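One structure is given here, and the rest of the page talks about it.
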Amino acid sequence: MASLNENQKFWARVTELARQSIGKQAYDFFIEPAQLMSVEQDTANILLDSGMKKDYWKKQSDLITTAGFEVFGRMIDYELYANDELTDIELRRLNNQSPVDEPLSVAKPTSPLVSGLNEKYNFENFVQGPGNRWTLAAAIAVADKPGDTYNPLFIYGGAGLGKTHLMHAIGNQILTDNPTARIKYVSSENFVNDYVNATRKNQMESFENTYRNLDLLLLDDVQFFSDKEGTKNEFFNTFNALYDKGSQIVLTSDRIPQELNNLEDRLVSRFSWGLTTDITAPDYETRMAILLIKSESSHLEFPSETLSYIAGQIDSNVRELEGALNRVEFVARANGISIVDIETASQALRSLKNATQQSLSNLTIKKIQDEVANYYHISFSDLVGPKRPKEIAFPRQIAMYLVRELLGTSLPAIGTAFGGRDHTTVMYAYKQISDKMKNDMDVQKDIDSIKRKF
């Protein structure tokens with residue numbers, strides 16, 4: 001076993017090499033939280049804060065090899081462990097050694113080149129939460145090693161959840177690390193327009209030079225891609241040209257690739273070559289964090305209870321949350337209010353609440369039941385019937401939760417609508433789903449997807 005002093009030197013060298021070879025965002029997310037627990041029999045035991053980061057670390061063997069030869073004078077292998085996967089025995093064994101921590105240096109991003117990027121979107125001002133944590137991790141990994149880690153990166157989710165923010169953040173970070181990088185951000189609609197204009201003006205060579213020689217292509221909202229064969233063929237060829245030369249491709253959509261009915265199977269399959277990851281609606285804590293950050297620049301005072309009230313009123317997406325805060329600010333300034341209380345916020349958001357209520361005015365228990373049954377591929381009779389296997393009981397709880405949440409129906413009335421069940425059963429179902437919504441991303445995603453149907 002290596003001495004503690006040698007271990008410290010070894011880990012210090014690993015982190016130093018990492019800082020020299022990867023971007024700050026990737027270092028902060030993947031390297032900084034990692035801990036060297038011990039070096040035993042020429043194997044470094046490294047503890048990660050999440051098993052999701054193992055794939056990234058498996059590609060960092062050069063760091064370990066180089067540091068091993070420099071400090072120990074021999075080849076050092078490494079074993080990866082994760083806090084969320086460890087057994088008690090492994091944890092006790094690994095904790096016999098103290099981790100080594102290294103401080104980080106902070107690098108300021110530079111201004112982007114003319115490439116369609118918006119410099120205000122970066123990783124630093126992207127608020128992380130349960131609904132976007134792993135997508136953020138993937139974006140950071142892509143920005144650190146474009147064309148290598150996840151290519152293409154396909155991000156999907158509802159409107160206003162931060163997909164475009166992450167696209168620009170990837171581009172801005174890559175441009176910071178490599179100011180000569182050729183980067184283009186473009187919506188699918190503008191890609192189509194560029195192609196149509198090029199064909200009309202007989203400028204296809206210029207079009208191909210623009211798109212096929214990029215280091216990074218950021219294509220937003222691919223669900224709006226044209227049905228025209230010429231456009232799809234051109235993008236297919238552009239995708240292949242970029243992929244073959246190792247350029248990074250990032251795509252966003254409001255749905256998974258397999259649901260993009262306007263695109264050919266050959267394109268859809270390519271979209272799935274890398275990593276497909278989603279963003280769901282922000283939970284309460286994330287909404288509060290967003291409001292705290294945004295309110296700091298308003299020059300008005302927002303007590304925490306006021307922000308909590310706003311966060312409780314808007315649970316759909318970040319864009320609507322920011323819009324609600326802007327509306328509250330406007331009403332406060334118009335009335336000469338410098339300390340924004342709940343009454344002011346309530347007054348400002350009243351019209352928004354009325355609009356939401358209007359959109360749900362035609363919603364019924366039966367419509368919710370039908371939508372949930374359809375989403376989980378079960379029959380209506382099973383949803384409200386006596387069967388209790390998990391594949392039926394869970395959708396039933398989801399449906400009860402949504403009826404209570406969206407319609408405010410009484411517990412006994414909900415029980416009656418679900419086959420005459422007791423109100424305590426409904427109460428239990430509502431609590432179960434409410435608890436899962438706090439930390440289960442799959443449940444959050446299901447609820448968000450079903451809500452969007454309404």
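The backbone N, Cα and C atoms fix where each Cβ goes, and this holds for glycine too.
Small disclaimer: the values here were computed from a predicted structure and weren't measured.
As given in Swiss-Prot:
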REGION    1-77  region 'Domain I, interacts with DnaA modulators'
REGION    77-115  region 'Domain II'
REGION    116-332  region 'Domain III, AAA+ region'
BINDING   Gly160, Gly162, Lys163, Thr164  ATP binding site
REGION    333-454  region 'Domain IV, binds dsDNA'
Subject >> List of residues, in chain order, with Cβ under 8 A from that of Gly160 (ATP binding site) and at least 6 apart >> reply: Ser316, Asn317, Val318, Arg319, Glu320
Original post:
Cβ distance under 8 Å to Gly162 (ATP binding site), same chain, sequence separation 6 or more: which residues?
Top reply: Phe126, Asn132, Ile279, Val318
Subject >> Shell list (ATP; ref centroid = CB of Gly160, Gly162, Lys163, Thr164; cutoff 8 A) >> reply: Gly157, Ala159, Leu161, His165, Leu166, Thr252, Ile279, Asn317, Val318, Arg319
Original post:
Near the Cβ of Thr164 (ATP binding site), how many other Cβ atoms are there if near means within 10 Å?
Top reply: 20
**OP:** Have a look around Lys163 (ATP binding site) and count the other CB atoms within 10 A of its CB, chains all included.
**Re:** 24
Original post:
How does the region 'Domain IV, binds dsDNA' (333-454) divide up by DSSP, counting helix, then strand, then coil residues?
Top reply: 91 helix, 1 strand, 30 coil
